Amino acid sequence: MALRSNSRRTPRFEESEESVTEPLISPSLDMNTSEKSAKFFSFLSSKQNLYSIYVLLLFLITYLLNQLDRYMLAIVTKPLAQEIHYGDQGCMTNTSAASPSPQVACQKLTNQSSCTQFIYNETIFGGCKWDYTGQGFDYQILAGPIFILIYTFAAIPVGIAADLYNRKFFTYMQVLLGISLIFWSVCTLLSGFVTSYWQLALLRFGLGLGEAGCTPFATSLIADYFGQELRGLAMGVYNWGIYTGYSLSYALGNFITDANINNQGWRWSFIIAGIPGIVIGFIILLTVKEPKRGQKNLPSTTKIESSIGNATSTKEKFKQMFKLMRPSLLLLCIASSIRNAAGYVWAYNTQVYFDGLGQTPTQIGTWMSWIPVVGGSIGVVFGGFISDRVVKRTGPHGRIWVLALSQIMSSPFAAGVLFLDPPYCYFSLLPNYIIGEMWVGVALAVLVELVPADVRTTAVAAYFFIISNIGGNMPLLVPSVKRAFINAGYGEVDSLRNTLYLFFPGEYILGAVLFLVSLVVLHRDIEYIKQQQEEKVPAKEDTHSQMPSNYGSASTLATDDQ
C-alpha cells in the first residue's frame, strides 16, 4: 500500500497527477514482521531504490571525510605545535635522548629549569625536554571558534537560500554538496604545507566554510530519498561517517605521523586525508541527481506548510518560518547542544589525555582506530532501528525516550573511561560509544519530522548552528577549568581527568535531563494540536491527507498554526 502525494502542491513544484512519484515505503505503521520483511526486500528489488542506497553510501563517505578532516588537527596537534610553535609549553619525554625519562615523571615538572634534569625514585634523569604540548588556548581556538563560527554562521544563509530559492539560485542541492566537499578537501590537503600558526588558522577557517553545507544539504536530500519508515535508519547510516571518520583520523594521524615519511610525518597525514574528498566530490557532481522535494514525506494539508509554499515574497516566507519555532523544537536543540558539547570536549582531548597516561601514539592508534567506528556505528544504526520501532507504538515523542535513556545508561561507561587505567579504560569506551551515540541519528530524525520539506534545509542548518556553537565552543572552557584544578593542588593528568569528568559523563546526564524536559513539552504540543484539529477540521476520511492515527500527527507538529 502506498499513499499518493498531496494534491495541494506549491506553485514551484506543480506537476500533473500522473507524474506524481509515490513513496517507496508506505507510512503504514501496523505491519507485522513478515510484512515488514516483504516491504524491505521489495525496496531492494527496485532499481530506483537501489540508486537511493547508492546515494546514501556516497553521502556516508562524504560525512566520513568531513569528520576525518575536522579531527586530524586533534591527533597531530603535538608534533604540529612543536614545528610551527603555538599553544602551551611543558615538560615531556625526550624520545631522542639516550635514556628517555618516563612521561608521567616529566609531566610533574612545572618549570623549564628543572625539566632537563631531575631526581625520580632516587635516580637522576636527563631525558626530559621543555617543548610545545599542542594544548592551551591557541589550540582550543583552532579546534573551536575559528572552525565552528564560520561553520555554523555559513550554514544558516546556505540553508535558507536553498529552501527559499531552490529552483532559482540553487538549481541542484547535490551540486553544492559536491563543491563543498572539494573545497574543504583542498583546505585539508594544503594544511600539510603550513609553516605558521596563522596559515593553519586560515585553512581551518576555510575548512569550516566548506563543511558548512555538508549536513544541511545531505540530510535534506536523504529525507527526500527515503520514506518515514526508513528515515531514522537512513539518518543512522549517514551518521556512521562521524565514527568512521573519527576513527580513521586516529589511524592516519598516529600511524602516518609515527612512520615519519620523508621526515614529514604530520604533513603527510593532512595530505592523505585531503585527496579522497576531491575524488568523491567529482563523483557526486557527475552521478547524483536531486529528488523531488518532500516526495517521501507524509502528506500534510496544514496551514503553515501550505502557506510557506504559496508565499509570494521572501519576507512572507521568513514570517512563516518563525512560526515553526515551537518550545519542543527549541528544547530539543538545547538538549542536543549539551550532549554535543560532551562529544566535542572528549574528541579534542582524547589524544592529549591518553598521551598523559603514558600511552604511545601507536598504542593510542591501535585502540582508537577501531573502537569509535565499531561502537559508534552500532550505536547510531541501533538507535535508528529502535527509535523507528518505538515511534510506531508511541508516536513522535517515542524517539525522545530513546535519546534520554541512552544517555543515562551510557554515562557510567563514560566515567569508567576516566577512572580506569589502560587498557581497561579502552574496554569501557566501547559500550560508551554503543549506547551513548544512539542519539545522533535519532535527534536528526526527530528534527526532520517536526518541520515541513519547504524549510527542512533551513531547520537542519539552524539546528547545527545551535548545537555546534554551544557544543563546539565548549572546549574553550577546558584550559581554565583544568588550571583551577592545578591551582587546587592536583597534578597535570589528574586536573585534566577531573575536568573531563565534568564535561564528558557530566554532560551526558545533563543532556538526558533536558531531553526529558523536551519530551514533556513535545507531548503537550501534540495534545494541543490534536485538540485544535478536532475543533477546526471536520471528521471525514481523505485519502490524500489521512495520517495513521497512532502516529500522533508528527508532520503537523511543526506546521499547524498555533
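Yeah, the Cβs are placed from backbone N, Cα and C, and that goes for glycine too.
Taken from TrEMBL as is:
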COMPBIAS  1-10  compositional bias 'Basic residues'
COMPBIAS  535-544  compositional bias 'Basic and acidic residues'
COMPBIAS  545-562  compositional bias 'Polar residues'
REGION    1-27  region 'Disordered'
REGION    535-562  region 'Disordered'
TRANSMEM  49-65  transmembrane segment
TRANSMEM  139-162  transmembrane segment
TRANSMEM  169-193  transmembrane segment
TRANSMEM  205-225  transmembrane segment
TRANSMEM  237-256  transmembrane segment
TRANSMEM  268-288  transmembrane segment
TRANSMEM  329-347  transmembrane segment
TRANSMEM  367-386  transmembrane segment
TRANSMEM  398-420  transmembrane segment
TRANSMEM  426-448  transmembrane segment
TRANSMEM  460-481  transmembrane segment
TRANSMEM  501-522  transmembrane segment
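Among residues of the same chain six or more beyond the transmembrane segment (329-347), those with a C-beta under 8 A of the stretch's C-beta atoms are 71, 74, 144, 246, 400, 403, 407, 414, 439, 443, 446-447, 450-451, 462-463, 466-472, 474-475, 478, 500, 503-508, 510-511, 514-515, 517-518, 521-522, 558. Among the recorded stretches 169-193, 205-225, 237-256, 460-481, 501-522, the one sharing the largest number of Cβ pairs closer than 8 Å with the transmembrane segment (398-420) is 501-522. The recorded stretches the transmembrane segment (237-256) and the transmembrane segment (426-448) share 3+ CB pairs below 8 A when only pairs 6 or more apart in sequence are counted, and are therefore in contact.
Contact check: the transmembrane segment (169-193) against the transmembrane segment (268-288) gives at least three Cβ pairs closer than 8 Å, residues 6 or more apart, which meets the contact criterion. Contact between the transmembrane segment (49-65) and the transmembrane segment (268-288) is supported: at least 3 Cβ pairs lie under 8 Å, counting only residues 6 or more apart in sequence.
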